[in-house]
Amino acid sequence: MKIGIIGAMQQEVAILKDLIEDVQEVNQAGCTFYSGQIQGVDVVLLQSGIGKVSAALGTALLISQYAPDVVINTGSAGGFDASLNVGDVVISSEVRHHDADVTAFGYEIGQMAGQPAAFKADEKLMTVAEQALAQLPNTHAVRGLICTGDAFVCTAERQQFIRQHFPSVVAVEMEASAIAQTCHQFKVPFVVVRAISDVADKESPLSFEEFLPLAAKSSSAMVLKMVELLK
C-alpha cells in the first residue's frame, strides 16, 4: 500500500512531513513531494500550492510518477454546515466545483463538460476516515458534499450563491474538486478529510489566519490515524 497525501499550503503539510522517515524531497513545477514512510507505510506527501490548477497539476504528477494506491486530500476548509466549529472535521461523500457554469449547454451547475456533476469519494476510504474519527476523542465530524472554487469565499453574496445551488454543502475550499477530477480520470480512489479553519457568516480572512494551525493539527491527526488503519 502506498498512500498519496495532498495539502495545498506549507502549514497544512508540515506536521505530516515531520513524521516521514527517510524522507526524500523533490521539487517539480512548483510542487514539492516528500516520499518515505510513516509507521512503516509508504507515503508520498505533496504540497501542491493553492488553487485548482496547482492541485490538478500536482495530483497528475503524483499519480503518474509515484503511483499511489489511494489519495487523501488534507488541509483546511470553510464550514457551511450549521453544526461545524473551528477544528471540526469534514469527510467528503462527494466533491463538486462551485465556480463552473456551462449550463448553457445542458450541464448541471458546477459540472464541467464531459465530466460527472459530482466526484464520489471512495466508500472504503470514507469508512476508514470514520474509523479514524472514532479513535480520536472529542473530534466532531460531518460527512457530506464539499465544494471547490478558485476564490476565498468571504462575501455574503457568494455564500448565498453556493447555498442556493448546492444546498447540501458542508464545506468549501480551493483544491478538492481538482484533485477529485484528476483521481477520477486516473481511476485512483480518493477521499477528502479537512478541518474547519473558519465558518461562514464570520470574519473570514482574520479567522482563517488565526485558526489555520488548529485546523492543520486536526486534519493531520485524522490522516495519521487513517495511515495506521490502511496498513
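Just so you know, glycine gets a Cβ as well, placed from its N, Cα and C.
Note that the coordinates shown come from a computational prediction; the quantities given were computed from them, not determined experimentally.
All protein chains shown were included, and the count of other CB atoms within 10 Å of the CB of Glu12 (active site, proton acceptor) stands at 27. The active site, proton acceptor annotation in Swiss-Prot covers Glu12.
Secondary structure at Asp198 (active site, proton donor), taken from DSSP and collapsed to helix, strand or coil, is strand. Swiss-Prot lists Asp198 with the feature active site, proton donor.
Taking the Cβ of Glu175 (substrate binding site) as centre and 10 Å as the limit, one finds 31 other Cβ atoms among all the protein chains shown. What Swiss-Prot records for Gly78, Val153, Met174, Glu175 is substrate binding site, and it gives sequence analysis as the kind of evidence.
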Greatest C-beta neighbour count within 10 angstroms, which of the binding-site residues Val153, Met174: Met174
Cβ atoms near Gly78 (substrate binding site) (within 10 Å, other residues, all chains): 27
